[in-house]
Amino acid sequence: MLASALKTKKMLKALNVLITYRLLCVFDSVIAGEAKLPEICPNILTREQWGGRAPEFINYTIFPIDYVIIHHTVTPLCATKESCSRQIRSIQNYQMQAPLNFGDIGYNFLIGGDGKVYEGRGWHKEGAHTRGYNKNSIGIAFIGTFTDVAPPLEQLQAAKDLLECGVKLGELSENYKLYGARQVKATESPGVKLFKKIMKWPHFAEPEK
């Protein structure tokens, strides 16, 4: 039994190395101009562009990912790169300190009211947003509070484009399931108004019981 467990652990470690190598090759090709992202992919502002801190650790996930979980940040809505970046830095600082100690911002991506996508942990990295789902989901947070008001159209469209981009890149399964955070944990997130919006999106689903 012990030998079998050790063998499985070694296999998973080797697989993780192969995945990382493949990703680095893909990213190098994109940066070098040898490969182009699908047209649907939105421009994603990097961690460096919003002034993010370096992560304390990184855990990679096996992709394509089967679940996407939508959150809201319960903060004011931001409408410019400067205000959105400031809020994201504040969220990251809060989530990296005690008692949370997430080691980084918990979300994979954040969507600003300016219609821009901001890189959190990014693709193929384990987030810290929904216990029980972090290893097999992408967490996307809408910056703002959407209990009484819905997100602006630009913010909604940016999220839709990001999801379609994820499928095109092979990061998300073609049959991925979309949940609101409130469906899988005790929370009001992503807010009633935003939740009603995502209920109409193609991949919205009810969790299996």
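Glycine too: its Cβ is placed from the backbone N, Cα and C atoms.
Note that the coordinates shown come from a computational prediction; the quantities given were computed from them, not determined experimentally.
Annotation source TrEMBL lists disulfide bond at Cys41-Cys165 (among others).
If you look up TrEMBL, you'll see Cys78-Cys84 (among others) marked as disulfide bond. Around Cys84 (disulfide bond), the same-chain residues six or more apart in sequence whose CB sits under 8 Å from its CB are Trp50, Cys78, Leu110, Gly112, Gly113, Asp114, Lys116, Tyr118, Ile143, listed in sequence order.
Per TrEMBL, the feature domain 'Peptidoglycan recognition protein family' maps to 42-185.
The domain 'N-acetylmuramoyl-L-alanine amidase' annotation in TrEMBL covers 54-191.
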Counting only residues 6+ apart in the same chain, whose Cβ is under 8 Å from the Cβ of Cys165 (disulfide bond)?
-> Leu37, Pro38, Ile40, Cys41, Pro42
Highest CB neighbour count within 10 A among the disulfide-bonded residues Cys41, Cys78?
-> Cys78
